[in-house]
Each structure stands twice: as structure tokens, then as C-alpha cells.
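Worksheet: the structure to be examined is printed underneath.
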Amino acid sequence: MNSSLTAQRRGSDAELGPWVMAARSKDAAPSQRDGLLPVKVEEDSPGSWEPNYPAASPDPETSRLHFRQLRYQEVAGPEEALSRLRELCRRWLRPELLSKEQILELLVLEQFLTILPEELQAWVREHCPESGEEAVAVVRALQRALDGTSSQGMVTFEDTAVSLTWEEWERLDPARRDFCRESAQKDSGSTVPPSLESRVENKELIPMQQILEEAEPQGQLQEAFQGKRPLFSKCGSTHEDRVEKQSGDPLPLKLENSPEAEGLNSISDVNKNGSIEGEDSKNNELQNSARCSNLVLCQHIPKAERPTDSEEHGNKCKQSFHMVTWHVLKPHKSDSGDSFHHSSLFETQRQLHEERPYKCGNCGKSFKQRSDLFRHQRIHTGEKPYGCQECGKSFSQSAALTKHQRTHTGEKPYTCLKCGERFRQNSHLNRHQSTHSRDKHFKCEECGETCHISNLFRHQRLHKGERPYKCEECEKSFKQRSDLFKHHRIHTGEKPYGCSVCGKRFNQSATLIKHQRIHTGEKPYKCLECGERFRQSTHLIRHQRIHQNKVLSAGRGGSRL
């Protein structure tokens, strides 16, 4: 019976796909899938269903689920089946947006999550990794939280169990419930009291005090509660069981009892709400940190490291949504040798926040997410995949393209609350708001000009003659960093600014603007003496010398007379 149940679970999990297993209870009956999968199930025929595709383009994850769940019976023929699969796969992998390497990473990540043991899958998917390296970091962090080592090739579940909620027990078919009872009686002699099981069938919330009282005649069940074991366990592994992290074999469902686990001092330690007094605030923190999953890891203190009865145990009990789960904090050693309790859940999240597994091979800068690394690498490669359809200008980031498009649309979403003036970019608004705060303005002692503190040091370089930005190629120095970037294009030959009319390219935007006046005929520079107009300021300056020479010639002639 054990092998048949395991084979049945493997077959159903393989059909549903790896990501669906994280959203549903792993041991729910097939008739309960309709509440967890994005499909439409007919009541009279549980085996037949039609995908409920939205009218608008679904997100990639929804398309991936539809791609994995499509059945040949749902389509009219082989041509439609092949066409539907191609469409769903394209919506999922988005080849028009993602590179080949990114698409390959998505496929590898999906397969990596598939081969993980089910207990690790629930934890890894809770953190929603975006790449294989991020999933590996989650597994490593969990491994360190469980046994304090990161180099071992095995994950030990000797002190770990996954709790089963009352609703999940209620949804189990009779065959699986019988299997639970048989496994429990075989391994530890524990039995479920008939009164307790009937209360579960009636969907009633059972106080912890009453559970212990009803289970007291059996003895072993009360011992299980005192040993901080969950009432029902999906893990099902004994204290000697070790599961290789590469093996994805599901473990049989059974009741678990541990006579070696240390219990509470008395039943009176549990209050009326089924929780240990003084631990309510800690329970709320732990419940929020595990918001994405009902699969809660229960760690038990090893026998050699257990505190005495007079010491504070640090046990937690949580009873919510018809679920009773025990959490015992694992002791750790500080640098000074003092023992303390620390939640492995919080420790794992702290490690994940500190780690930056994605490192740039060019400059060594590290990032938390792979997508941030991809965006950063465009600085080195010069890739600019986002192009403006109006003028053809390209950008390395979509946010920069959005800002640029406002120059064509005239949109100014940022408004000053003091004067009502609107701006296209947030940086322009911040610069403008500094004009309202006079206390942040300073006066230059050299020329008397008043400017903001952020521009004061830049302004003072004009008087001091400082040029802190130096080119490594020709050793030419500049006052501003932006001028150095523009100068670098002379050595690299980069010409990012192209004319949309003739295709000619330039290394500076100002040069492109001057060139475009040839096509538009614009002449913005006007001579105040004769009214003649010019395209460039240099042409106007050259023209003004003609008037200056005439004035000088007239002055010389008058002096002779």
C-alpha cells in the first residue's frame, strides 16, 4: 500500500508541474485540485476540464501553467494542439524580450525545482527564486539553519517535521487516513482518539487543553504533544532517516511520535487559547515570516543540548486556521560560548538578505538578483535594447526610455506642491524645490553668486581651476564627470546619436542637434544689428565681427577728419 500511494503521488505531481505543488497541499485528493489550479473543473466529471484563458495576455507564470497542463483531449486535432503549445510557450518564455541565456535559465530553474525533495521545494518556492543561483542560495541557507553546515552533501531531517492542518486531514480520502493510522501504530504505537477524529470531521477548532485531555487515555498521543511533535506529519521520517538532497522521492504520510523529545512541564503550561504564555508576540512574528506556506518546519533540541527544567525553553505554539503546530527553537553558540535560541526561519531570511550571489566579471560588483546583474552588464557591453520610436534614440534601461518619451509627449507628472510648477523628471523637481529652501543656499565668496549646496562645490572649481576627472588614454582632465564620459567616445569611436533623416551618427547629442538643423532649416541665432539668422552660434559670432569691423573703420575715419 505504501508503494502504490507513493507512485500515485509521483504521477499526480509530475502531471501538475513543479510550481503547482507549492500552491496546493501535496497530499490533497484529486477532487480538491479545482480550488488551487487556474483551471475550470466540471462537477460531474473530475477528470475533464477546460483551461480558462483570460481575454488579455496572461502573465508568464499563468502561461507556463497552461502550457504544462494542456491535454490533447481539449483541442480539436493535432494541428490545433501544436499551435496552442507554441503560443503558450511563447507567452511563457517571451523570446522577443528575453535572450537565449535567460530562456535557458528559466528552463534549468524549473527542472532544478522539480528534482528537489518535496520538503525543500516548499521552502524554496516560498522565496520565489528568479534564477538557479538564487534557488541554490536558498537551499544552502536552509541547510545551514538546520544543521549549521553548508558543505555537507546531505540534508538531515532527523529533527524536522512538516505539519498537516486540520483542513488537509479532512480532505484526505479514507485510504490515506487508514495509511496514516497504520504507519503511526507501526512506528510509535500512536493512535488518534475517536473523539478527536470526529471533532476534525465536524470542522471544529479544538483547544489544546481539550486535545490533551481526550488523548490522555492513549498515553502516546499526549507524549507526542509534550514532545512538541505535530499532530499529523507529512515528513514521516524517523530520527535515523537521512535523505539525499538530490533525491526527489516523496516520503510516506504517517503519524510521528518521539518518546525522546522533551515535553512541557505540565499541561497547565498551555493557556486556554492553546499557546504558551508570554510567546504571543513571537508567534505573530513567525507567522508573518511564513506567510506564503502552511508547511512549517519544526526543529527539536538535541538531547545533549537541552536546557534544564528551570531554564526558559523558548517553545512556541501557534493555533490558527484550524492548525496546531509546535516550534522549538534550535540552540546556537555565540562567540563567547553562551548558548542562545534563534529561529532558523529568521536566520535564513537574514542570510538571504545579506548574500549577493551575482557578481560582475568585469568590475567585481555584486548584486542580489540576476536581473540587476543583466542591467548592470549593459554598461560594459554598451547594449541599448530600448529604442524610441519617435526619434530612434536608444537606451540601456526601460526607465530611461520612459523619461525620454516625455520629451515627445510633453508629459510632466512631477508637481511642486509649493508653486504648482510641473516637471518631466523627479530629479528636476528636486532641483527646483531647493529654490524654495533658502537656508540651503550658499553664496560664493569669489563672485558673489548664490547656489545650492549641491552645486556650490562644482561652482567653486571654476575659480580654483580644479579638474579632478582625468582621461586614462590621453591624460586630459575635466571639471565634470559628464564631460569625461563625452570625451571617452573620441577614443572608443562610439557614436550613439544617429540622425533619423540621413542616418549619420555623432558622438555627442549637441552635434546631432546642430546637424538636424540642416534638414529642418531652423536658424535659432539672430543678429541684433541686421536681423540675419544662423544655424550655429559660431556662425553668428563670425558674422558679428563684420559689424564690429565696420564700427572700427568708421571710428578711424572720423578721427582723421
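Each Cβ is built from the backbone N, Cα and C atoms, and glycine gets one as well.
What Swiss-Prot lists as compositional bias 'Basic and acidic residues' is 237-247.
Look at Swiss-Prot and you will find 265-274 tagged as compositional bias 'Polar residues'.
Positions annotated as SUMO2 cross-link by Swiss-Prot: Lys40 (among others).
According to Swiss-Prot, the SUMO2 cross-link annotation covers Lys203 (among others).
Taken from Swiss-Prot, the feature SUMO2 cross-link applies to Lys228 (among others).
Under the heading SUMO2 cross-link, Swiss-Prot lists Lys254 (among others).
Under the heading SUMO2 cross-link, Swiss-Prot lists Lys282 (among others).
Shown in sequence order, Glu449, Thr450 are the residues of the chain, 6+ apart in sequence, with a C-beta less than 8 angstroms from the C-beta of Lys443 (SUMO2 cross-link). Annotation source Swiss-Prot lists SUMO2 cross-link at Lys443 (among others), citing a large-scale study or a structure entry.
What Swiss-Prot records for 64-146 is domain 'SCAN box', and it gives sequence analysis as the kind of evidence.
Annotation source Swiss-Prot lists domain 'KRAB' at 155-230. For the domain 'KRAB' (155-230), the model gives a mean pLDDT of 47.
Annotation comment: Swiss-Prot describes Ser12 as phosphoserine, evidence class a large-scale study or a structure entry.
Under the heading region 'Disordered', Swiss-Prot lists 1-61 (among others).
Sequence annotations record features per position, and here Swiss-Prot assigns region 'Disordered' to 182-201 (among others).
Marked as region 'Disordered' by Swiss-Prot: 231-285 (among others).
Residues of the zinc finger (358-380) grouped by DSSP class, helix first, strand second and coil last, total 11 helix, 4 strand, 8 coil. Swiss-Prot lists 358-380 (among others) with the feature zinc finger, giving sequence analysis as the kind of evidence.
Outside the zinc finger (386-408), and at least 6 residues removed from its termini, the chain residues within Cβ reach (under 8 Å) are 375, 378-379, 424-425, 496-498, 500. What Swiss-Prot records for 386-408 (among others) is zinc finger, and it gives sequence analysis as the kind of evidence.
Counting residue by residue with DSSP, the domain 'SCAN box' (64-146) contains 65 helix, 0 strand, 18 coil. Helix, strand and coil residue tallies for the zinc finger (469-491), in that order: 11 helix, 4 strand, 8 coil [DSSP].
Cβ atoms under 8 Å from those of the zinc finger (497-519) belong to residues 391-393, 486, 489-490, 535-536 of the same chain, restricted to positions at least 6 beyond its ends.
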